[in-house]
Amino acid sequence: MKIRVGINGFGRMGRLALRAAWGWPELEFVHINEIKGGAVAAAHLLKFDSVHGRWTPEVEAEGERVLIDSTPLSFSEYGKPEDVPWEDFGVDLVLECSGKFRTPATLDPYFKRGVQKVIVAAPVKEEALNIVMGVNDYLYEPEKHHLLTAASCTTNCLAPVVKVIHEGLGIKHGIITTIHDNTNTQTLVDAPHKDLRRARATSLSLIPTTTGSATAIALIYPELKGKLNGIAVRVPLLNASLTDCVFEVNRPTTVEEINALLKAASEQAPLQGILGYEERPLVSIDYKDDPRSSIIDALSTMVVDETQVKILAWYDNEWGYVNRMVELARKVALSLK
């Protein structure tokens, strides 16, 4: 038995989530809601992607539908979740990928429209189950949790590293810097923006800005609340990104021990296929289309004065993230059968 899935917001995350999920037997995609461009633009951008290339299935628009290998998905252009007749399409699960609705109050209309579960492709600002696959997905209780967030791409990169180091050595405190690719929250040329640095042209500068990824770790490890913080630096690339982690740990360690812990974790459950480990001298482009959330650059691991640790972790901030979101959707789907 499949569950019926709808997508709200067919931008970067919505389109790539559909690509990553297409063909999984638990998920039947039936509806797309996107306010810009109509079905023609949706079909075209699903098929052709400047970063991730041409998608293998045949994709076309036919009236108010998108056809994928002749399978029809209905299409609408409503501005608010409450305006979409999700119940008419029999939608059980919505992937909320618009980036606009991030509080329980703005997400509650889905449930009033008959949707059983909602997974948000962004952090939710208030109470919602914050899931990082491989780290705390065991917390999901089908009868209790209906609104879930798949956290952020950077949190999905950082959390596996924190899990291994905190459980293996103990983390006193730390500072995180994510070297992050451009996103649509920035501007191509200078334009007004509430963040004056993001107001500047993306292709001409390295742009320091905020990230909540480090503080979000406290939702998973409450004992680290107030002990981790971080910053993002947006760079003029489209893919992939890098997280620079600096921790003070509880006991003396070595580069060899750090790398051994991370390598071992990457080879067994629950982080196998989520955490990677790489000893070759690779660069960011080599991680484009990598479905893992976090890949350790073992050559860059450092230890200073026995307890200060530096770890670099690569991630495809789009493809890695949507693969975890789809894994969460499959977990939810199995709970609804």
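Using N, Cα and C of the backbone, Cβ positions are placed for all residues, glycine too.
Taken from Swiss-Prot, the feature NAD(+) binding site applies to Arg12, Met13, Lys80, Asn184, Asn317. The D-glyceraldehyde 3-phosphate binding site annotation in Swiss-Prot covers Ser152, Cys153, Thr154, Thr183, Arg198, Thr211, Gly212, Arg234 and rests on similarity to another entry. For Cys153, the entry in Swiss-Prot reads active site, nucleophile, with the evidence type similarity to another entry. Per Swiss-Prot, the feature site 'Activates thiol group during catalysis' maps to His180.
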Residue among the binding-site residues Thr154, Asn184 whose Cβ has the most other Cβ atoms within 10 Å | Thr154
Arg12 (NAD(+) binding site) and Thr211 (D-glyceraldehyde 3-phosphate binding site), compared by Cα position, are separated in whole Å by 19
Are any of Met13, Lys80, Asn184 (the binding-site residues) within 10 Å of Thr211 (D-glyceraldehyde 3-phosphate binding site) when you go C-alpha to C-alpha, and if so which?
-> none
Please work out which residue of Met13, Cys153 has the most C-beta neighbours within 10 angstroms of its C-beta, and give that one of the binding-site residues.
-> Cys153
Looking only at Arg12, Lys80, Arg234, which of these binding-site residues has the biggest number of Cβ atoms within 10 Å around its Cβ?
-> Arg234
Among the binding-site residues listed here, Ser152, Thr183, Thr211, Asn317, which has the most company in the form of other Cβ atoms within 10 Å of its Cβ?
-> Asn317
Lowest local Cβ density (other Cβ within 10 Å) among recorded positions: His180, Arg198 = Arg198
May I ask for the distance between Cys153 (D-glyceraldehyde 3-phosphate binding site) and Met13 (NAD(+) binding site), taken between their Cα atoms and rounded to an integer number of Å?
-> 11
CB contacts under 8 angstroms to Gly212 (D-glyceraldehyde 3-phosphate binding site), restricted to the same chain and 6+ apart in sequence, sorted by sequence, are Pro123, Ser152, Thr155
